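According to TrEMBL, the protein has these features:
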type: ACT_SITE; residues: 436; note: active site
type: ACT_SITE; residues: 438; note: active site
type: ACT_SITE; residues: 578; note: active site
type: ACT_SITE; residues: 580; note: active site
type: DOMAIN; residues: 313-446; note: domain 'ZU5'
type: DOMAIN; residues: 447-588; note: domain 'ZU5'
type: DOMAIN; residues: 780-865; note: domain 'Death'
């Protein structure tokens, strides 16, 4: 938000002094300015000045202190004696945490006598721990500029209007849920910033701020705004983006001085024509009425921006103040608007495999992407950066919603997300806007409806099933609290299949949660539709059961006798004071709690099959995959031209995020140095919508010159997931409970190759090779020999993707006709010799393997390079030469 310089002249002068080189305290005192926030011991210096040069200190007019200082409490006691103070800055943010984020100061209050500073016109208390506005501030008669942003304010005092001379007020990034009516009495106010709070409504009195020129209400929870805003005739900029607005007054278009009205990223389904036709209105990100096409952020400003297309293997780029668009090889897009950064900033990124020990999915969540890590962590952009992440499209988006989830270093939270269709190729992408970089992933969750419950009460419907309704009566809560409603649809077919009882029926599951640990003061009324086929006319009340489940779904209790159930023709209505899962069943069964627990567990399970296929041209290449039952036939059809193998395994059941292992047995082994190899077994994590697939190279210690090897691969469960039900956990104990399936693997007889007959290399006189460099990792001649042994009949495709011409491929084939081993060696070592000086040659080799469908070789090369890089870093550590090692090691181990 552009702030007016003339209103902040005092603060600007102070900032300029703080940003310059620290000067001796004496010269600061001589100029009546004391900038002590540039010193780590600023409060200690203030106390020393008070003891040794009190007369000069009492004449100070401009004072800055850091509230991250441990002597802050003692320093605050001196402030009321500085009667000449005109500007006081007590800010936090001078220390940073392990993620690079600014730490808030320890300031929680001010001495009451600060209200006697009659000359104070500028007060900045940003980045602190204030939960209420100190009452002494309301007694400052000359105060014109007040900043309390980045605190924990839940409310503002009712007599805020007593600050009659206030021209600038910023309370952004707090926890404000409402505003006092007296805010309309700030007659001189010209700039008001209340962005990034939790405001659910505005008082009509806001329309009395007749001198207000810029009003920022973005990032709140406003569903409507008062008509009185049309009275702000001086208003030039009105920021309302990232709220929950469903409508806006048409009268806003008539404001005579308005040059920007930002309504982006709301819930507007209809926009008055007067507003939609206005050139200064921004509507992008609304379900209806958005004028800009998808994936084109703010075309007027984005046109002509630098575009960066990063190739596979690149892991960083630089952003400047001019902004840019960035497209990664994996399909992720970024849009950095102009002025998002003030100085050139290097962005680093990497795609990480999700680790269930770190990526904690909630019940019924489905993971749709790998983890994207963006660095540097904690750096705040000056403009929102937009991210588009492709994801694996779930079977149905109608009863679920897709969100981007981000990790703060402590916990995961969901971002406001829009799903769009990428043009080429046509593929869904999740779109969000952020001010900080960290870790991001895409999940599909149950549709979530949310509202703020004030003391006056309110009504909450399910957008998935409007027949599900929750009524909050007046007085149900003393303080406004946030409530969330989610519905898990359960079909009659699913209930019948799991219970094996055609007469057993149930409604959808209702999950209610809130941000408060306190029960409601008055009963909340819940309306649920009857199970399918049941109405108030044919209802047998003895068969109707209301079940209550804990939030983890571990237990389901029949609470029918504990509540008063009311019935209409279509609905059952009951009242509760605390929230959890609720489920309405209609059955003749007696122990309904146990049945519901079994059904709930099965709703979280996926039926899967394992496949183990061998490449037709090279049987030592084995593809292992865990496939959801309904996808088995399409997957096999896609692979049948290149692979052969046994029928899929019998069906087994697995939870989302569950670990399993593949062990090769009976004369077949794998490379034990693979990073995904644990105790000789390959580790997998099952995610229903991601490819649980690995293609690996297998060997046999048995002499295969005379006979084939008939081995097998067996699949076993890993550690029991933390969130699975207790019954399921108990069933998975015992020596045989971990086994899932076994499939045969056959390795045919092989003729001798260069691994057994080094004489085959005699025809090649290439000098020793070292591809790459110490920092990125080397590939030696021995590494290339290992790669060559695994290439097989794909060598021509790989050669073309490495950049060899058709003529070169044909010549290599002709010169070594009828000897596949020599063809492979000639192709690979010829390319390596020609490109040994190219610093990107190793990345080109990895890319060529991936483009040729040899992901297994690409992964082996990448693992070899990573091992080389680790050894290089370790050698630097031993010599004490490594720079910024803390930055390199900051990523979370996956």
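For all residues, glycine too, the Cβ spot is worked out from N, Cα and C.
The average pLDDT computed for the domain 'ZU5' (313-446) is 86. Least packed by the Cβ count within 10 Å, out of the active-site residues 438, 580, is 580.
The DSSP breakdown of the domain 'ZU5' (447-588) into helical (H, G, I), extended (E, B) and coil residues amounts to 14 helix, 59 strand, 69 coil. Residues in the domain 'Death' (780-865) partition by DSSP class (helix H, G, I; strand E, B; coil) as 70 helix, 1 strand, 15 coil. Other C-beta atoms found within 10 angstroms of the C-beta of residue 578 (active site) number 12, with every protein chain shown included. All protein chains included, residue 436 (active site) registers 17 other Cβ atoms within 10 Å of its own Cβ. Distance between Cα atoms for residue 578 (active site) and residue 436 (active site): 35 Å, as a whole number. If you measure from the Cα atom of residue 438 (active site) to that of residue 580 (active site), you get 31 Å. For the domain 'ZU5' (313-446), residue counts in helix, strand and coil come to 0 helix, 65 strand, 69 coil, using DSSP. Here residue 580 (active site) is positioned 33 angstrom away from residue 436 (active site), judged by their C-alpha atoms.
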